[in-house]
Amino acid sequence: MLFGELAQYFEKIEKTTKRNEMMEILADLFKRVDKEEIEKIIYLLNGRVAPDYEKIEFGMSEKLVLRAMALALKVPIFDLEKVYKEVGDLGELIIKYSQNEGKDLTVVETFNTLFEIANLSGEGSVDAKVNRLAFLINSLTPQGGKYLVRIVLGKLRLGVGEPTVMDALSFAKVKDKSLRPFIERAFNITSDLGYVAKVFWEGGIEALKKIKVEVGKPIRMALAERVSKVEEIVKRLGKCAIEPKFDGFRCQIHKKENNVRIFSRNLEDNTHMFPDLVEAVLKQFSDKNVIIEGEAISYNPETGEFYPFQVTVQRKRKYNISEMVELYPLQLFAFDILYLNGEDITSLPYIRRRQKLEEAISEGEKIFVTKNIITNDPKEIQAFFEECITEGLEGIVAKRLDAPYQAGIRNFNWIKLKRSYQGHLADTVDCVILGYFKGRGHRAKFGIGALLVGVYDDERDLFKTVAKIGTGPTEEEWVRFREVLDEIKLESKPNNVESLIEPDVWVEPKYVVVIQADEITRSPVHTCGRELDGLGYALRFPRVIGFVREDKGPYDATTVKEILEMFRGQKKEKVEEDSDNL
């Protein structure tokens, strides 16, 4: 396939906001490509040349891209800069100035050159990147060049989510979505949809079924449902394991021989940030190859007390790492093991995995297996919960004893119960920032005064609004919000956002913030869970807690289903309170 043909598909996707239409366009594209192209096209759809967990970036600013364009288009850079200020999209400048109507490269040739650009480093690499990009611009159709520069700048933003791509992969093969569960299972245990698609194209459904957990490929993390009372845990699980819920970084640690990689909840490779944990893993799992999960939390070495998340988050940085190791040492509380010495053990029941974890770890001062109790007694669970709260922890997690580890799935195999506050919802809500409103009055000087936030509809692969928030952040945080959001601002509403509200500035759905609210109410202006009566669901008196949660991505946000579940639980609690007061 020629890159210009792929660009035509990008154009079609960009022009639609309908999920099914987007899926059909993708399915038509996938039908036309071979096993060598499918992997590369999946990555390019995401604006990348590798899976998300690989830190491969193009490393080219707008200034460098303009240099490459000036070189390729033979237009003075001053003229390009002047027009760019008017149109705001370097891709449109390619359309305006390119004379390459008869030229093109294949998708594979274009991808391979982009991969070279991303991997260039060291002395002379800047000029080499500019020259290679200029070669590509000069070799592609105007439309191809338009999408090329958007990819390089991280501004492709087609609004295509992984669920839509998985549906399209199935549809391309069997004209329905029946193969989606097999594709999703493979994706959940590899976090690499390009690789999964390539295996599928090479060997069909049987090859997909043979994909196994592999050290170095992060597994999409299992997630817990939430309840507001101990009794609900016993009702759903009966006899179960109860573990503490720590307020730190959830980590998935991969060790093979002397190589260690540490992935965050949203599958970022954070290995370099935690040299103390790497050292501990090599010591405490010295003769084993493992994938374990746990929660890393900073603590006061003099008192043994755990620091709150706002302190722990300071360990997540690129610079002065050794200084942070000394200031805020970490402990890791391991709660699961998914792979051991060549064996994928995700299918084993929780109780067996727990046993293998305890057997695999050696004693040390950094990594511990989380304590737990096994019971079906609500009083015993309540006592354990209160003990955790007293220790400064978030709450507890209950786990079904016979449950396998279900990668990427949120269900009632795991149930979390967090500390609640009088007049608040029993749990916070993780929302995605969709846009912002310019400040008025005192906040006019910041240029930002409120956020439009939403939750994720995982059935329709859309973000839906749930609140407009103007309280919580400090003045310094408002300034930081403006800075980070302006880096991802958009000219119009993204295709994967459903909203009745128009903020002053739309942004790419990328950053997650934690929201505390008093309750959930029905709303005529928000689209979360919107029903035939025109009413959706909204957070009442929402407040932002802290700044952006860098350990969470947009698809880790609270879902529409969870909001509806919280609303039903809230109504049930009110009925019970009213009956208690009779």
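Glycine residues also receive a Cβ, built from the backbone N, Cα and C atoms like all the rest.
Record features (Swiss-Prot):
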- E243, R250, R265, E295, F335, R410, K416: ATP binding site (BINDING)
- K245: active site, N6-AMP-lysine intermediate (ACT_SITE)
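Shown on the structure are the features that Swiss-Prot records.
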residue: E243; record: ATP binding site; Cβ contacts under 8 Å, 6 or more apart: F335, T370, K371, N372, I396, V397, A398, K399
residue: K245; record: active site, N6-AMP-lysine intermediate; Cβ contacts under 8 Å, 6 or more apart: C388, L393, E394, G395, I396, V397, K416, L417, K418
residue: R250; record: ATP binding site; Cβ contacts under 8 Å, 6 or more apart: M221, S264, R265, E293, G294, E295, D551
residue: R410; record: ATP binding site; Cβ contacts under 8 Å, 6 or more apart: A222, L223, A224, E225, T559, E562
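Of all the binding-site residues listed here (R265, E295, F335), it is R265 whose C-beta has the fewest other C-beta atoms within 10 angstroms. Overall, the recorded ATP-binding residues E243, R250, R265, E295, F335, R410, K416 cover a maximum inter-Cα distance of 19 Å. For K416 (ATP binding site), the Cβ neighbour count at a 10 Å cut-off comes to 18, with all displayed protein chains included.
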